[in-house]
């Protein structure tokens, strides 16, 4: 799941209002512009349909993590794994519902606005830090998957050939480092220069009273996709399922045109990650700028600051993708830290604080459960990560 912009806005503007040519356009402006009028002004965006909002939200939710779900089934088993996906869907729906309720009460149109309303500027800054950690982790995972797909990966001493290796054989130019270097500067760098990204789903929806139905429909759709991918990915490869299931698509599936299907699956998903890159990169850069330069002029109007932040973040992502061995390691770190804070701990903390007096007793009991579960999961994940690194270091010295 990726995180969009959290720039706070104090109050929602009428959808029928119009911008004049003299309006300043920055990160706080509506990000869905409209057709240009004869006088040079712009009509406000009329709003997305219910179906459009569902698919927009769903493409945001279904990220690279779906490729690690078959490996999760291998560890947990199909029954507990599927039950966990369904359970997390219900928990996520409750978390989002509480977040939306408090955003309405505080007249905030962003996650950052809700955190600032509940905990002041330090609450918003804490959220920004978590967004940075989460989105950097997501981008690193994207690059690791692209490297796995195009140049191959090695697991337990067995090398799984990438698409380019299968087509042209092993050469220096289709090695992992060179492929990631070309992808970074040939694809990601130009996409990082984009200064406009679609705003939050709630703000673009034509009828904002439909947001709860949009969330439920999207979560149902995403949960179905997760369950189907988990089941069929694990059943297809069994105990040989890798952390990144795409790497398994270098074997004969036992069906006609198996090689063509393998390449189509891997290349299409790698292309999808490349196109999704700016959606994740935009709020990452915006939040980093908000932390480092809170009083500066809008980032979109400062080309030097824009370029330096973009280059720095791209370099961090590139280095992380080269030194982190698998998407499993990246997900363990971000999932055990920033992701649970953004998804569960912060919404629960806002509800328990109940600044507007709208939380029920049931809400508060659920929030306490969410925080306890999240903290316990964090501790277990961090301990297992540290133990795995310790054991890996011992095995290398022996």
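Here the Cβ of each residue, glycine as well, is placed from N, Cα and C on the backbone.
TrEMBL annotations: computationally assigned, not manually curated.
Worth saying up front: this structure is predicted, and the values here are computed from it rather than measured.
Residues or ranges marked as region 'Disordered' by TrEMBL: 1-40.
Summarising the annotation, TrEMBL assigns compositional bias 'Basic residues' to 12-21.
According to TrEMBL, the transmembrane segment annotation covers 45-69 (among others).
Under the heading domain 'Amino acid transporter transmembrane', TrEMBL lists 48-195 (among others).
Taken from TrEMBL, the feature transmembrane segment applies to 75-94 (among others). Counting residues 6+ beyond its ends, the transmembrane segment (75-94) has Cβ neighbours under 8 Å at 69, 215-216, 219-220, 222-223, 226-227, 230-231, 234, 343-344, 366, 370 in the same chain.
If one looks beyond the transmembrane segment (125-146) by at least 6 residues along the same chain, the residues whose Cβ comes under 8 Å of a Cβ in the stretch are 2-3, 6, 63-65, 67, 111-112, 115, 119, 179-180, 183-184, 244, 246, 269-270, 273-274, 276-277, 280-281, 283-284, 287-288, 290-291, 313, 316-318, 320-321, 324, 326-327, 330-331, 333-334, 337-339, 341-342, 346. Here TrEMBL flags 125-146 (among others) as transmembrane segment.
Here TrEMBL flags 173-192 (among others) as transmembrane segment. Listed as Cβ neighbours of the transmembrane segment (173-192) (distance under 8 Å, sequence separation of 6 or more from its ends, same chain) are residues 143, 146-147, 150-152, 162, 164-165, 274, 277-278, 281, 285, 310, 313-314, 317-318, 321-322.
Here TrEMBL flags 200-384 (among others) as domain 'Amino acid transporter transmembrane'.
Annotated transmembrane segment per TrEMBL: 213-237 (among others), in sequence order.
For 267-284 (among others), the entry in TrEMBL reads transmembrane segment.
The feature transmembrane segment is assigned by TrEMBL to 304-324 (among others). For the transmembrane segment (304-324), the residues of the chain that approach it from at least six positions outside its boundaries are 136, 139-140, 143-144, 147, 176-177, 180-181, 184, 188-189, 192-193, 195, 281, 284-285, 288-289, 292-293, 296, 330, judged by C-beta separation under 8 angstroms.
Feature annotation from TrEMBL assigns transmembrane segment to 330-353 (among others).
What TrEMBL lists as transmembrane segment is 365-384 (among others).
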Counts by DSSP class (helix H/G/I, strand E/B, coil) across the domain 'Amino acid transporter transmembrane' (48-195):
119 helix, 7 strand, 22 coil
